[in-house]
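Taken from Swiss-Prot as is:
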type: BINDING; residues: Asp17, His18, Gly19, Lys20, Ser21, Thr22, Asn134, Lys135, Met136, Asp137; note: GTP binding site
type: DOMAIN; residues: 5-187; note: domain 'tr-type G'
Amino acid sequence: MTELSRIRNFSIIAHIDHGKSTLADRFIQICGGLTDREMAEQVLDSMDLERERGITIKAQSVTLNYKAKDGETYKLNFIDTPGHVDFSYEVSRSLYACEGALLVVDAGQGVEAQSVANCYTAIEQGLEVVPVLNKMDLPQAEPERVAAEIEDIIGIDASDAVRCSAKSGLGVEDVLEDLIKKIPPPKGDRSAPLQALIIDSWFDNYLGVVSLVRVTEGVLRKGDKIVIKSTKKAWNADKVGVFNPKPTDTDVLEAGDVGFVVAGIKDIHGAPVGDTIVHQKFAEETPMLPGFKKVKPQVYAGLFPVSADDYDDFRDALEKLTLNDASLFFEPENSDALGFGFRCGFLGMLHMEIIQERLEREYDLDLITTAPTVIYEVVTKQGETLSVDNPSRLPDIGSIEEMREPIVEANILVPQEHLGNVIALCEEKRGVQKNMHFMSTQVQLTYELPMAEVVMDFFDRIKSASRGFASLDYHFVRFQSANLVRLDVLINGDRVDALALIVHRDLSHRKGRQLIEKMKELIPRQMFDIAIQAAIGTQVVSRVTVKALRKNVTAKCYGGDVSRKKKLLQKQKEGKKRMKQLGNVEVPQEAFLAVLKVDN
């Protein structure tokens, strides 16, 4: 039993590639969590996908015992958090379980926009933020400049920040000592009735729902009768323990601890994230803990199984993923071109890619994705306001009074030498500059941009415009009236609902032309001409034709009368005419994805 004064709960805030997962590896090694043989790089990034892309997607937790220099043994609960902007809600959930956070900054690169955003989240939640300068072994490390930058941008004193190199292990023990000194111990009363917050849950095929919890009051023991507050259902706590990093049964979790609980819950919605676990006998009087605010999806796309037989498996897979990823939203949808599927809401393009890859890998599904769109507000002539997340559900142009698109405020940090390129890119994306602040080597830009322009490929474009040095963080501000139209794609006169886009009227001609040129390359040639048109309402803005293949029907006539050849050609002509009436064109999967790549 560890006293509260010797427990420290903390997480690490860092930008992508600033060495957060490597630092976690060093902590685990120093505290003897794993033997050297079991030590893999990035132990906590357990998903294959996380390792391949080198990013952290899911929050993980580890409990370590560290013998400090004052002779005491401290229990460190460390919760790993993602650094990418699409996963910022994962970060805020992890921070709920902590009293402090390490802000890890690369001493060569300096502060990045996402660390700033996550750092503010931590400060808002009342956490103690301890700055750490990492990658001190690199020749380009400039700790003095970066410390000044942390002070300038974030406003926390970094003059005595610990300097370390997670890769070589230099100074990592000093980080642990500093953390014990500066981060306060958890508060909580172990004799009070149980209250535990569910930080994360995932589905295990053998155990059912496994929940990661932070106990705030009381004690949770194996065999206790527990109640999940929102569902009011009672369960038996079958397994209780901690991750160090392997799951280890401890049979008891006390106030201040972070660990897991398995209660044989087989229903996926049985233990929602952000819920409170209490003891059955005090279930009525124990209040709920303040949970997390629900995040609203920013980007919507249709996902359809390639074969219709997979529809049920697809639904089960989505349900299991929503348990693990609270921000994923889905509802059934059917499309004339693609059959039955789901309309899913994501936090951003990276989130969408990750979810699609997880569905294809972990659940073995083949999926087709339609072009992602953001939510638009439409005011009709009757004065009612609709939210539209699917271009094919847009009302008729004649009945629309005005359309409003979502606007985001983007904070961009960019080195001065790349400022021109980044400003040019923001202007091209219909951005409005709000602020510009020069710091030692970087410039902080604030722009208001249409969300539709940001979610598509803005992140990649801004990285390439600045050679990878710019960083971006954005949040939704408001809906604003704009001149928007629906761009339809017609193939042989038939509208393909899955290819519709909502675009700004000024860009519609260019976008329409680019899109159908792209489609022309991807649709295979048939025995008849295929007309591909881009239209706004009834007005066609551009058209291309995929030429027919010609079969030489007169090849078998050696010499002979010309009327024989005419007869064969006439017969072919009639056949083509009939084929054109009945023939339908298969649109390949690549063509649906062409819509995403139109800008480039």
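Using N, Cα and C of the backbone, Cβ positions are placed for all residues, glycine too.
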With neighbours defined as other CB atoms within 10 A, the best-packed of the binding-site residues Ser21, Asn134 is Asn134
Chain-internal residues, separated by at least six, CB under 8 A from Met136 (GTP binding site)
Ala107, Pro143, Arg163, Cys164, Ser165, Leu170, Gly171
If you average per-residue pLDDT over the domain 'tr-type G' (5-187), what number do you get?
73
